Structure formats: structure tokens, C-alpha cells
């Protein structure tokens, strides 16, 4: 995700603040009863407000535990599965699409999970305003919008500025884990991360890692595998 490179000027000659190019488009969607239940009953319990200063997540969760943040969890199936499988870890999910937030929260309520919280706003704002530097053990970005057309590549969230923002938020030893089913985007991710300072690629061959066991396989991924489509996982560890 990048900022515009040109500073707009107002009619009176004053510089207008940059308007950041966003990596997502808000889409309207109909809610199921379960999604609506998740928002109405789970929202007050599990949706966190956008803060103006770093949040004390130990206080939010009532404990100190390794912390994972996922950007763009979609309908929440993978995040829900990971949180249920690892109650000793704390998870924060960020998603702007309300049906997905509702679906995740409905699952949280149904399973009685205590180790998951949600932001329903722009992930860049969450990282900049709510997450303290050197505080995350893992940041996950699974199947972000690849923005296929060349003129839209500037909207891809994985850009040098984003890699640096993630690095600041990770602890030393923390991992930035990305996955995509679009090979040109995987190549773009690798190009960005290979030259991003302060990271080490965990892949033995300096490219992609085998699918980690902790990342659940989605139904779309299974369908893609049947059709012969690939999935590329990248893991970069913060070393500085």
C-alpha cells in the first residue's frame, strides 16, 4: 500500500495532505442471520475501537501471551480455526467487510473463544495507531487482493513502505507470513521482501516455504489444488 507520489495543491496554493491509496474496496453484502447475530451480540464484546495511542493488549486479553495479527481475514474460517487450536495464543483480526466480521464473531460466540479480538477498519490505521512497535510475534497476510491489472499494482498492500511498517510492529524474531494463489503477486512479494531491511527469508532456497501446518487450508485453496493451481507461502523473520 503506497502513498501518492504527488502533493495535491488547493486553489489558494496550499499543499493538500496526501490521500493514501487503499488496497481494498468496500463492497456491500447481505447479512445472514448468523452474521447479524455475530455483529449484534459479539461486536460489543470483541470489536476493538480505533485508538489514538498504542493499546495495552495484555489488559485487553487479561494476560500476557504471544500475539498474532491477521490482516484481511475474509469470512474468518482460518483465523477461527487457528484461535481454537491454540488457546495459549492471542489473535487479533482486521477486516473491513461487515459480513466477514459478523461470520467470525458468530463463530467466536458459538465456540466460546476468549483469545480473539477484531478491528473492523483499515489495517494501516490499526498498525499505525493501535499497535505498539516491537509488540507482535506474528503478522499474517493470507490471499490479499492481487490487483491483477498493471495499472492497479500500486494498490497492492505489499509495498516497501508496508514491509517497513510491519517490521516496526514485529518483535525481533517475529515473523511476517504471507500467502497468495497468484504467482505474479508471489513474485512481487518476494521482490519487495528480499530488499526490505531488517528481515531474513526463512525459506531454505531463498524463495518460498512449504505450506506451514499452522495455516489452515481454505475451501478455495482445496478447489484450486484440484484445478492444478498453486499457492505460495512466504515467511520473513525480523532480525533487526
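A Cβ is built for glycine as well, from the same backbone N, Cα and C atoms used for every other residue.
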Task = May I ask you to find which of 70, 164, 183, 187 Swiss-Prot records for the S-adenosyl-L-methionine site already listed with 95, 122, 145?
result = 70
Note = Which of 58, 90, 181 shares the substrate site with 149, 218, 219, 220, 221 in Swiss-Prot? The record says 181
Shortest C-alpha distance to residue 145 (S-adenosyl-L-methionine binding site) - which of the binding-site residues 181, 218, 219, 220, 221 = 181
Note = Cα-Cα, residue 218 (substrate binding site) versus residue 95 (S-adenosyl-L-methionine binding site), nearest Å, comes out at 17
Note = Quick note, residue 95 (S-adenosyl-L-methionine binding site) and residue 219 (substrate binding site): C-alpha atoms separated, nearest Å, by 19
For residue 221 (substrate binding site), nearby residues of its own chain (Cβ under 8 Å, 6 or more apart in sequence) = 181, 231
